[in-house]
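*Asks:* Have a look at this one before I ask anything.
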Amino acid sequence: MNTRVLTGITTSGTPHLGNYAGAIRPAIQASAQPGVDAFFFLADYHALIKTDDSARVARSRLELAATWLAAGLDPERVTFYRQSDIPEIPELCWLLTCVTPKGLMNRAHAYKASVDQNTAKGVDPDDGISMGLFSYPVLMAADILLFNAHKVPVGRDQIQHLEMARDIAQRFNHLYGSDYFVLPEVVIAEEVATLPGLDGRKMSKSYNNTIPLFEGGAAALRTAVMRIVTDSRQPGEPKDAENAHLYMLYRAFASAKEAGDFRAALESGMGWGDAKQALCELLERDLAGMRARYMELMAKPERIEDILLAGAEKARKIAVPFIARLREAVGLRRLGTAKAAGASAKKTASRAARFVSFRDEAGSFRFRLLAADGEELLISVPYADPKEAGAVMRRLQSEPVSLRAQGMAYVALLDETPVAHGPDCGEAARQEAALARTRAALDTFAG
Ligand code: TRP
């Protein structure tokens, strides 16, 4: 099976350079690779979480569709659709909502940030927070899981949402006793993951520091570039290129050689004015052709509408049969077809211990061994490579593992190397019991 790559873009604004370099460009590049089935969609339900300005949502859907098409997306090759044209997405969202622990959502950065802001302002912690915002990660999980995407290219700020999608998928799989969902992996374009804006902070509409992509034409692009904040070093003075966000912007559009030359020129005294001029030229080289296509598309919205509806039809060829299977799994079945097998599968599953992989705060890959009731029995050491974490996890399932007490905690060793730790049990009796439960859990995987 081909690798499914899926990404969505929220239709609440006009695309800027950061959206292009951080999301659109890498996604389109990935979609052109052999062995890849790409799914790109306009996350217009997500837009409703951010704004109640209907004109802005409507306009943004059009602009974003035109942008992706102008940027080289081939709707014949890629499945390109609007979220709101796929009724199976909100349907799956509900199925997932019902297996998502509220505590998991309480920990979402976006929600927590809003609560913190309210607390700082001294107003009610939930002031202005809709259920849409609170449940945002579940809708996003539905977007991804409905198409069983393997890889999801997103910005850094979305890593936590991907972890949540994996958690939710694992929970659903576990509860309903089968691998319904693929566990999606996040893909971050390391070089250009988040582009800095005019003031050096992350380029974002909310900071009002964006460089427009196509809107306003070459003139608007130039005006924005001229407003990029630099330090006060004069022409002739060496610049600190590495810490100049102007250089980071340049690098995102240049070849390695061009970036190196530009950097060297700054370090040997190129003036900021000349540097901005060079950045303008570089951007025009990439964007001028696309901008012309964009303007053409914007003039023919019906053409875009047809493309999107055809995309939705293609997407629903997958979504409709899959949601039928999921409805079956949760018990929303045709009357008279009660399935004994389904019920017993669930029982077996809920009695079983399980491994759950995740990405920790530092970005490393780890896994936990959980008892049937969810108690944490082991947490792995961090791994830089997800494949390595996966390999160790499989070894724990298939090879003899030694468990050894360590203080009031314990460790699991493979070839005498500690690969995972148990919690501190506080007292010997509890430690002994935990060791026994861990041994029993590991035994369920053997054979
Ligand atoms: N939340 C994403 C963002 O703000 C957009 C999005 C919605 C998305 N659903 C998605 C991205 C599914 C990837 C996959 O950038």
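Note that Cβ sites are derived from N, Cα and C of the backbone, with glycine treated the same way.
Keep in mind that TrEMBL annotations are predicted by a computer and have not been checked by a curator.
Annotation source TrEMBL lists ATP binding site at Thr10, Thr11, Ser12, Gly18, Asn19, Gly155, Arg156, Asp157, Leu195, Lys202, Met203, Ser204, Lys205, Ser206. If you look up TrEMBL, you'll see Asp143 marked as L-tryptophan binding site. According to TrEMBL, the feature motif ''HIGH' region' maps to 11-19. What TrEMBL records for 202-206 is motif ''KMSKS' region'.
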*Asks:* Under 8 Å between C-beta atoms and at least six residues away from its ends: which parts of the chain pack against the motif ''KMSKS' region' (202-206)?
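*Replies:* Hits for the motif ''KMSKS' region' (202-206): 12-13, 16-18, 194-196.
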*Asks:* List the binding-site residues Thr10, Asn19, Asp143 whose Cβ sits under 6 Å from any atom of ligand 1, in sequence order.
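*Replies:* Within range of ligand 1: Thr10, Asp143.
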*Asks:* Tell me the coarse DSSP state (helix, strand, coil) of Leu195 (ATP binding site).
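*Replies:* Looking at the DSSP assignment, Leu195 (ATP binding site) belongs to neither helix nor strand, so coil.
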*Asks:* Cα of Arg156 (ATP binding site) to Cα of the residue listed as 'L-tryptophan binding site': how many Å, rounded?
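*Replies:* About 18 Å separates the two Cα atoms.
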*Asks:* For Ser12 (ATP binding site), which DSSP three-state class applies?
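*Replies:* It is coil.
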*Asks:* Would you mind reading off the Cα separation of Leu195 (ATP binding site) from Asp143 (L-tryptophan binding site), to the nearest angstrom?
*Replies:* 25
*Asks:* Could you round the CA separation between Thr10 (ATP binding site) and the residue listed as 'L-tryptophan binding site' to a whole angstrom and send it over?
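*Replies:* Between the alpha carbons of Thr10 (ATP binding site) and the residue listed as 'L-tryptophan binding site' there are 12 Å.
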*Asks:* Please give the greatest C-alpha separation between any two of the ATP-binding residues Thr10, Thr11, Ser12, Gly18, Asn19, Gly155, Arg156, Asp157, Leu195, Lys202, Met203, Ser204, Lys205, Ser206, in angstrom, as a whole number.
*Replies:* 19
*Asks:* Within 10 Å of the Cβ of the residue listed as 'L-tryptophan binding site', how many other Cβ atoms are there?
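*Replies:* Other Cβ atoms within 10 Å of the residue listed as 'L-tryptophan binding site': 25.
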*Asks:* Rounded to an integer, what is the Cα-Cα distance in Å between Asn19 (ATP binding site) and Asp143 (L-tryptophan binding site)?
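*Replies:* Pair distance, Cα basis, whole Å: 19 Å.
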